[in-house]
Amino acid sequence: MPSQSNNVITSSTASSSMSSSSNSSDASSTSSSNTNNAHSSNNQFVSGQLNLVGNTHTKINDNYEIISKIGEGISGSVFKAIKKGTEEMVALKNFKGWTEGDRASKEECSLLQQLRHIPYITPVIDIYTNFETSEYIIVFPYFEHDLSGLLSEHRLSIPQVKCYFKQLLEGINEIHNAGVMHRDIKAANLLVNNKGSLFIGDLGTATSYTKRSVFSSKVVTLWYRAPELLLGSTQYGPEIDMWSIGCVLIELVTSRNFLPGSSEQQQLEAICKLCGTPTDEIWPNVSQLQNFNQISHLPVYPSRLRTVFKNFSNDFIELLEGLLTLNPKKRLTAEQALQSPFFTNHPLPFKPENMPGYQPIHVLEAVQKRVQQQQELEQQKKQEEQKKQQEEQKKLEDQKKQEEQKKQEDLLKRQRLLKRQQELKKQQDEQRQQELIKKQQEQEQLRLKVEHEKQRQEQERLRLIQQEQERLKRQQQEHEQRLQREQQQQLNQLQQQKESPLNNSYGKINLKRSLDLVNDIRNYCTSETESEYESDEEDFYTEEEVEDYSSDEEDDYYNAQSNKSLYTPIKAMIQQHNNNQQHQQQYPYSQQQQEPISSNPFLQPPKKQRTASTGFNNNNGNNNNNNNLSTPLTIH
């Protein structure tokens, strides 16, 4: 552009073609998609001067001072400028080139002229043209905001929403009544000022739907594109603008777009999940559309508009359902939408003059601000990620440290447990050893006790043996003493016998015969039976005496024969005894009393004691019981 400083055009062309039309909104609507180009064009444009000559045959730089770039579109860029002398803020839209094939630019200029009577279309202040390069600049009034930039910074109340939305419906209704489809309704193409007025800009894709019936389906920004366009329909009408207006209504109340698809496939899926899946029942012949196979695999979703917007009024939901109807033939028109109770029920819409003012911001500025905010957010996110990574690294280190510490603790615990087990095992071993020692000691004590008991028993046995030996010894001694006494007595008796008269009478009778005589006397005195005598005789004599008796019996016989005059039978002795008793009775004092028979040692009883008969006494017939012979005779 700086090289075109001397080119001029006729003023009639500018005044007749752009007297009441505006296209600054068109540039601002597409600026968000070409931000980098906007920055480069801005630097190039601002660095030079506007050399184009306007209808006054003056240079544009003589009338306007460029301040900043506020938008970028398909056909050109939009700049914020000040009119010199009046300090009036204006918007300059630069069309890069106009060739015979550039139908969009020609149609936009034609539509601006056709729709200049509509108050909701941005008016044209002036136009500057360069015929050699087909470049021209249109001067529009400056609007403080576009709706996208405004919603990015502020949340609107329901009365504000109703005010802006009613103006939008009124403006689009007049455009449709003029037989024109806008085909790019979106928040960035809606311009508002601080007086509360809304204007529709960017007619670059607008076209008349009365002159032809087949159109391109690749129109309207993706987030605001109607489902029939996404399904590939090429026969459509102004109802596509009503779908876009429904999306703008959601954006007005939520300050964000509810259908942000990144591709046509994702956009169709988002529409189906929110508004329901299109079928032939609710939309006849929809399955015949070119791109229907993109949603044929989807389940039949019901509409979720009432669920998602359940916190809003019923009239708002009904209006939204009418605008976002899948079947385009049943979709509300702008005129029908203006009859909605949404605008007559409380809260009522604000009047434009009562709308609050805001700090100026446009979509490019909003985009730049969003980019800056996004960069800040990315930087912040990056810092947070770094911080998070550091925290995670620290956490991992702490976790690793804790794991190592836990391992150390587990190791120490295992060591303590092992040590404890060893100590316990040692204690158990010691306890078992002690028990074993104790058991051995008990066994030893028991053994010692048994041995002691055995020793005691042995000692007792020895003591008893000793006692028995002593007893036997005493008995032996007593026996010997008794034998000695007996021998002494026998000696004494023998001595007495030698001295006794009986011995003189029978001196030649041996001891055996004396014993026989004594036994006969004893048996006679005790009146014992023959059997008793025989038993006593057997008990009385020992074996040696029996042998002596048998050996001496023959000698006695011969001795008795030889000494027959000296042998006196027992009966003779008894007779003599009786005679003596009778003699004593007859002559008691004739002679001195003789000694009793018991004084004779040969008349003593044998070792086995016998009781003397009561009929025999030695007291010369005295019957006194005290003088009876009751003491047994003992032979020593």
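Cβ coordinates come from backbone N, Cα and C, glycine included.
Taken from Swiss-Prot as is:
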| type | residues | note |
| --- | --- | --- |
| REGION | 1-41 | region 'Disordered' |
| DOMAIN | 64-343 | domain 'Protein kinase' |
| BINDING | I70, G71, E72, G73, I74, S75, G76, S77, V78, K93 | ATP binding site |
| ACT_SITE | D184 | active site, proton acceptor |
| REGION | 378-408 | region 'Disordered' |
| REGION | 473-506 | region 'Disordered' |
| COMPBIAS | 473-485 | compositional bias 'Basic and acidic residues' |
| COMPBIAS | 486-499 | compositional bias 'Low complexity' |
| REGION | 527-555 | region 'Disordered' |
| COMPBIAS | 529-555 | compositional bias 'Acidic residues' |
| REGION | 579-636 | region 'Disordered' |
| COMPBIAS | 579-594 | compositional bias 'Low complexity' |
| COMPBIAS | 617-628 | compositional bias 'Low complexity' |
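Swiss-Prot feature annotations superimposed on the structure.
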residue: I70; record: ATP binding site; DSSP class: strand
residue: V78; record: ATP binding site; DSSP class: strand
residue: D184; record: active site, proton acceptor; DSSP class: coil
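The residue listed as 'active site, proton acceptor' sits 19 Å from I70 (ATP binding site), taking the C-alpha atoms as the reference points.
Per-class residue totals from DSSP over the compositional bias 'Low complexity' (486-499), listed helix then strand then coil: 14 helix, 0 strand, 0 coil. Distant neighbours of the compositional bias 'Basic and acidic residues' (473-485): none; no residue of the same chain at least 6 beyond its ends has a Cβ under 8 Å from one of its Cβ atoms. Counting same-chain residues at least six beyond the ends of the region 'Disordered' (378-408), none has a Cβ under 8 angstroms from any Cβ of the stretch.
Sorting each residue of the compositional bias 'Basic and acidic residues' (473-485) by its DSSP state yields 13 helix, 0 strand, 0 coil. Per-residue pLDDT, averaged along the domain 'Protein kinase' (64-343), amounts to 86 for this model.
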